[in-house]
Amino acid sequence: MAKKKEKEKKEKLQELKKRVREIIKRLKKAYPDAKIALNFKNPLQLLVATILSAQCTDERVNEVTKDLFKKYKTAKDFAEADLDELAEDIKSTGFYRQKAQYIKECCKILVEKYNGEVPKTMEELLELPGVARKTANIVLANAYGIIEGIPVDTHVRKVSQRLGIVSSKQPEKMEKELMEIVPKKDWFAFPYLIQAHGRKICLGRKPKCEECILKDLCNAYLSSN
């Protein structure tokens, strides 16, 4: 009985992996230029922009960082910034007091411990205030070309759940599930393909299911039709 269950589990996993490969193939064809939407010129700018992007659109963050990165050019600049002034500078991104505190504290550590540079390991990044696996994954992959996992943002969470390729609702558990079913060579591209689809078709409130290239592979669509 146990062997039969184990066999069924393996077969189910293989079937899921096959479906995910097809999803990725279609998304690559539909969004050949999918990439990170945040504007940045160095690892520090990416770290700050990613912290600002929590509960905020990338478009809004890019509007804010256009002036922010002219005013604060180094980790030392952020570390020595007046907290109220920094909060005011990032106000339109939402949760601005908390974000300002995270950025200031982060940059203090960068100055004191890393000579003003952003560290290159998951462990070191996760020790920084306001940095969880999503932010660490984004910084490592896009600033340093180090792929450790799959960043789970609102689009990745929403689209993956609708497709029915994950069962967990908790970001870190969801990331583990995705790492098991997404081919490692696609870990970097996967979140940006999903984000592109989430912004254009798989919208939060009114998804354009009839236009969707994945509808025949989507649990949410198939179960409602």
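In case you wondered, yes, glycine gets a Cβ from its N, Cα and C as well.
Here's what TrEMBL has on this protein:
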- 2-30: coiled coil (COILED)
- 52-200: domain 'HhH-GPD' (DOMAIN)
- CYS202, CYS209, CYS212, CYS218: [4Fe-4S] cluster binding site (BINDING)
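Within the model, the coiled coil (2-30) shows a mean pLDDT value of 94, rounded to a whole number. According to DSSP, the domain 'HhH-GPD' (52-200) comprises 101 helix, 0 strand, 48 coil. Other than the site residues CYS202, CYS209, CYS212, CYS218, same-chain residues with C-beta atoms no more than 8 angstroms from the centre of those residues' C-beta atoms, the [4Fe-4S] cluster site, are ARG162, ILE201, PRO207, LYS208, LEU214, LYS215, ALA220, TYR221. Cβ neighbours within 10 Å of CYS212 ([4Fe-4S] cluster binding site), excluding its own Cβ and spanning all shown chains: 19. Here the Cβ of CYS202 ([4Fe-4S] cluster binding site) has 23 other Cβ atoms within 10 Å, regardless of which shown protein chain they belong to. The Cβ of CYS218 ([4Fe-4S] cluster binding site) lies under 8 Å from the Cβ of ARG162, LEU163, GLY164, CYS209, CYS212, each on the same chain and at least six residues away in sequence. Cβ neighbour count for CYS209 ([4Fe-4S] cluster binding site): 17 (other Cβ atoms within 10 Å of its Cβ, all protein chains included).
In three-state terms derived from DSSP, CYS202 ([4Fe-4S] cluster binding site) belongs to neither a helical nor a strand segment and is classed as coil. In the three-state DSSP reading, CYS212 ([4Fe-4S] cluster binding site) counts as coil.
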